[in-house]
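Record features (TrEMBL):
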- 1-33: signal peptide (SIGNAL)
- 47-234: domain 'Putative auto-transporter adhesin head GIN' (DOMAIN)
- 169-188: region 'Disordered' (REGION)
- 178-188: compositional bias 'Polar residues' (COMPBIAS)
- 219-250: region 'Disordered' (REGION)
- 219-229: compositional bias 'Low complexity' (COMPBIAS)
- 235-244: compositional bias 'Polar residues' (COMPBIAS)
């Protein structure tokens, strides 16, 4: 008499899954172990009216009567954060440029810097940092510069505005101005539909874009596939080399 062969039960091999889970737990533990406690510091600095951000931080900027600079973040990050004033310019950067961090510089890992200053006439971002204004800034002249993937977001009432964007960064403006000069090189963007200016001169080289609200005159020059989109009813003088466009917002 033949006995029916019994098929052995297949056992699931859990080793690869367990190994992956162990690795994830180990990396999370390593990351957590290499973080230090959260810290807050007040930096007492000489007076300044310009800010240069060359650090992956979020800057919250206010215009007020008394100057103050407060920084928040991981203790190790703050220990390597340099805030130095020379000739009226506050430079924010790393003390040790070669240091390797064990965490990312985005989201909750970013250092936050709160700055209150009576007057500001120049803001520059180099890298992935961001400057965001709270309230409305008033100045005779305001110069903005973004190099890299960072950005500036501001509400301003000024007579003369200059904005330069190089790379993939952005400038977002609200408010009013008399004369505005805007330059975009690369794939960056100027978002200014809510910034009403009397006259505007716009220059774009590459695939960047500029959105502007001009009431009197608009002069634009495009080299490449860039785009100028405007609101208002200005007289328009445009020169385009390539596939770029200058159009009224519709």
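Just so it is clear, glycine is given a Cβ too, placed from its N, Cα and C backbone atoms.
The shown structure was predicted, so the numbers you read here are calculated from the model rather than taken from an experiment.
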Intrachain residues whose Cβ lies under 8 Å of the region 'Disordered' (169-188), provided they are six or more past its termini: 125, 136-137, 144, 146-163, 194-210, 212, 214, 226
Chain residues in Cβ proximity to the compositional bias 'Low complexity' (219-229) (below 8 Å; excluding those fewer than six residues from its ends, i.e. six or more beyond): 184, 199-212, 236-249
